[in-house]
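Scroll down for the structure; my scribbles are underneath it.
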Amino acid sequence: MVLSSVLGFPRIGANREVKKAVEAYWAGKLSAEDLIKAAADVKKSSWTSLKERGVDLIPSGEFSLYDHVLDHSAAFNAIPKRYQGLGLSALDVFFAMGRGRQADGVDVPACEMKKWFDSNYHFVVPELSEETDFKLLYNKVLAEYKEAKEIGVVTRPVVLGPISYLVLGKAAKEASPNFQPISLLPKILPVYKQLLSELKAAGAESVQIDEPILVLDKGAELDKQYAYAYAELAPVSPKIILTTYFNRLDSNINFIAKLPVAGLHIDLVRAPQQLGEVLAAIKSTPIVISLGVVSGRNIWKADFAVAIKFAQTAIAALGADRVVVATSSSLLHTPVTLASEKKLTQQQRDWFSFALEKAAEVATIAAVLSGSQDPKVSAALEANKVSIAKRREFESTSDDAVRKRVAAITPDMYDRKSPFAVRKEVQAKHLNLPRFPTTTIGSFPQTKEIRTARAKLGKGEISEAEYDEFIKKEIELVVKFQEKVGLDLLVHGEPERNDMVQYFGEQLTGFVFTQNAWVQSYGSRYVRPPIIVSDVSRPTPMTVKWSSYAQSVSSKPMKGMLSGPVTILNWSFPRDDVPRKLQSQQLALALRDEVLDLEKAGISAIQVDEPAIREGLPLRRSDWDEYLQWAVDTFKLSTAGVTDATQTHSHFCYSDFGDIFPSIQRLDADVISIEFSKSDMKLLHTFKQYGYSNQIGPGVYDIHSPRIPSEAEIIERLKTTLAIIPDHLMFINPDCGLKTRGWKETEASLANLVAAARWARANA
Ligand code: MET
């Protein structure tokens, strides 16, 4: 019999209940007790729905009020000193680490966040040092296992494995210079042993231990640590299902096959080619294979025929009792249910599966493989065949004009007319910015009023004209504020945008939108990625009206603001019938037209944000070059059409990109801004070492937290930065856009930023 398994479920609630509860708690409007209760209701609903869908192996323990990596740090006492002894409850310490805290005399910034592998989910980076005193403060996984059991759902607990946990961590400031988090393995294993043995004592039969590090190149250097750790854990643990996702194991399978684990999960959506190799490696072991055949990263219906074929290969090699069919990864990256979508056409609805529908898919595939005679199962199999065929038919009716335009791209379209040194001079005259120009990344607070106005427009309660008037007022307010506070290169504030990707998607052809398909990005921040379903083009200008209006109310230069092709692609659910490269090229051509229209309208600086370029990087180094080639090319294609006088900007988040440095240079943006305030100086040293030649604005304060940075703090940051970056190349800006912030902290923070820039002009 083939079992079905789901590796993890969205933790936001079908109607974003968790966001609402968590934010109400932060605002002091909900008690801790009621927050826990709201979370319990969401967990309960997930468990029962999975059971109803017929899933055999239902996950527990992966729920989180903020982030699952943070859950481990908090439970393991990996709590940096600055959050200790503040008189906070365990829950508030947890949130303080996630988002910082500035209240009642407590003032601590948040821990660093990083992208979770190549997804748009952010995890809170564990801060570790020789002093980290791991102990199990509470066993969250056990508690949730029991919680599910109480309502009659037997689950398989999920734990992030010790090696992945440590490798995802970073050295805390107090760590000695050569400290490597993995050196803490002997210290953390007792905690895992305790956690796992408590699960076993409570009756858990098996446990899913996630070790996604095994799909990375660095997994190969950790063979000894894996052998050591799992030999320690296996004897005390429920049966271990070692779980990998997002990529292929490559040669790591050789040592993995020797580990004392009961099962191994592999991702066959991302890396179908690994099946043969993995089966060969585990054939003579007792290891059960869990096949990730239903995508945890996309919203397209699984093609049952493909999934079944993979599973049959595995069954032929190992026997049905050693095969499980599963989602490729946790479903954390997919929206909860298609049932919430009321506006999709019948045709569109038939293409998609969200988390709950995916759960039903794995259950059906497993049932088919187990030889089920249930007429519902054969009906579902037949329906899938029809849906897949219809989608293929739709795909073949592509937009010819768009495809032809892509085919006609010429090499000169990728390059600016003159080199940066020449452009810099021309732009200095044209824009007339002071030394250390100050600017922001684009968005200003998305206030309740803005969201209400947009909602009213959506419901038809106000007219388009009324909405436009409202947005114009907002823009004027933001522009006047920037003038007053003394910023140099202004922005219009992006009040008209619900989201930096959705906004563009809504104006391009080829996208489909959902009403409720939210996916967690970080903490209580969820995004609703649009879905690319066909060829993309731009029927009319998208932002020119707003940027021109903003420019018309100020004599200071205005920066136009677009989202880049790679980012729009990465933060949408892409098509799975054509390569990402082609989708990115189509987006780039649409954006190129927009950039030229902005220039024509008198906008002299244009920012094309590519915060997702780094996260889209393939997980294996051998796949990087191909990606970087088209990713950088498409950015250039979208920006390079302008004259020398127009200053192009780009923005990057979580800029862990020392290693892709040449590509950042090759983008040839006149100015880049990078998220930087929580990083160390290593990144800037890389820029220096490689002789980065264009202008750069390393973010001077963290915008993910409501905390206000002091002028002195920003000056300190500038001093260290200026020791590395030449002053004539420096811009001064926050880490990222301000849309998630309130006005109060925005005003105060930017005033301090401008004051720090004045200090720099006088002293540096
Ligand atoms: N221009 C965008 C903003 O300011 C860039 C965001 S990058 C995540 O919000």
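In case you wondered, yes, glycine gets a Cβ from its N, Cα and C as well.
Together with H651, C653, E675, the Zn(2+) site in TrEMBL holds one more listed residue from C111, C736, which is C736.
Among the candidates D321, D593, D597, D609, the residue that TrEMBL names alongside I441, G442, S443, E494 for the L-methionine site is D609. Here TrEMBL has K19, N120 binding 5-methyltetrahydropteroyltri-L-glutamate, and the candidate from W351, W546, W571 in that same listed site is W571. Taking the Cα of S443 (L-methionine binding site) as the reference point, the closest of the binding-site residues N120, W571, H651 is H651. The L-methionine site, placed at the center of the C-beta atoms of I441, G442, S443, E494, D609, has further neighbours from the same chain whose C-beta lies within 8 angstroms: T440, V491, M500, M561, Q607, H651, C736, G737, K739. Among the recorded positions D609, E675, H704, the ones whose Cβ sits under 6 Å from an atom of ligand 1 are, in sequence order, D609. Ranked by how many other Cβ atoms sit within 10 Å of their Cβ, the binding-site residues K19, S443, E494, W571, H651 place K19 at the bottom. Separation of the C-alpha atoms of N120 (5-methyltetrahydropteroyltri-L-glutamate binding site) and G442 (L-methionine binding site): 20 Å, rounded to the nearest whole number. Counting every protein chain shown, the Cβ of H704 (active site, proton donor) has 24 other Cβ atoms within 10 Å.
Cα-Cα distances to C736 (Zn(2+) binding site) place H704 within 10 Å, out of the recorded positions K19, E494, W571, H704. When the recorded positions W571, H651, H704 are compared by Cα distance to D609 (L-methionine binding site), the shortest distance belongs to H651.
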